[in-house]
Amino acid sequence: MEKTALRNAIENNRDVTKLGEVASYIPELAKGNRDALGACIFDTGGNLLLEGDYETKFTIQSVSKVITLICALIDNGKEIVFSKVGNEPSSDPFNSLLKLEIEENHKPLNPFINAGAIVCTSLVAGDNGIEKFTRILNMIRKLANNENIEVNYPVFRSEKLTGNTNRAIAYFLKGAGIIEKDVEDILDTYFKCCSIEVDVEDIARIASVIANNGIAPWSKEMLIPKEVNRIVKATMSTCGLYDSSGKFSVDVGIPAKSGVGGCIMAVVPNRMGIAVVGPSLDKHGNSVAGIKVMESLSRALELSIF
Ligand SMILES: NC(=O)CC[C@H](N)C(=O)O
């Protein structure tokens, strides 16, 4: 049943890729394949399903914000993390600076907009950017059960060269006293995390650990403490798709996180992790066909938690 649902969801939504555009504000991302659409389900029993253009490689982009939040929470505890970043959804684009000036203490609204993720990056354990990045990369490799995951350096260089809005956000946060240490070092770490190259199986495995209360379905090892896992799922369901999180909740109804590389990672608690890739994006920066695939799957397999 799941195999048929996944196949139908991909095949019935291939044309939707034509309705969006590949991200080009990071020049290297413009090379992404606009027509690609692939997906993976990894369930909590350890079963794997792959469909469509599942071999597509893409950069993890904002899906990395989930893993950065996991590391920040493990390394600091909830009180410290949420003294520097909020829990509220944002109605502004993911890279907006608008609310930073007016929010109490200049705290970013949540960990999944760029400002909030830059704060979480600064909180990850490590004396410098390289140590912080190594911590996050190792966590991604463990959660995906894939030691070969690496950075796509052309994308990293492209982001670093053109990431002026993120630079403005980070310097504002430094001025407001929310981030400490060297701003450029933290930005490099943030850009590198966004540039980690993965495929849908990697992301579906990460999602399956979160779906399985932090325990890896393949080894039964506890990779994410239960309380951290709970916070992450809650944050995904309120803030995971930027300023269209509410609509996604109504139409799909499961915790998820998107990235401008075209991926949507979704978690069906106690059932499965799902990853879709379709680099053609809507105006919010979410995979235009990816959202439709998630809607189809949610309907066919009754995934909504509501
Ligand atoms: N929404 C995203 O995936 C944004 C990530 C991207 N690297 C940026 O900082 O702009």
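Cβ atoms are placed via backbone N, Cα and C, with glycine included.
If you look up TrEMBL, you'll see Ser62, Asn114, Glu159, Asn166, Tyr190, Tyr242, Val260 marked as substrate binding site. In sequence order, Ala117, Ile118, Thr121, Asn166, Ala170 are the residues near Tyr190 (substrate binding site), counting only same-chain partners six or more apart with C-beta under 8 A.
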Which binding-site residues from the set Asn114, Asn166, Tyr190, Tyr242, Val260 come near ligand 1, judged by a Cβ under 6 Å from any of its atoms?
Asn114, Asn166, Val260
Max Cα distance spanning Ser62, Asn114, Glu159, Asn166, Tyr190, Tyr242, Val260 (substrate binders), Å?
20
At a 10 A cut-off on CB-CB distances, which of the binding-site residues Ser62, Asn114, Asn166 has the highest count?
Ser62
Other CB atoms within 10 A, centred on Val260 (substrate binding site):
26
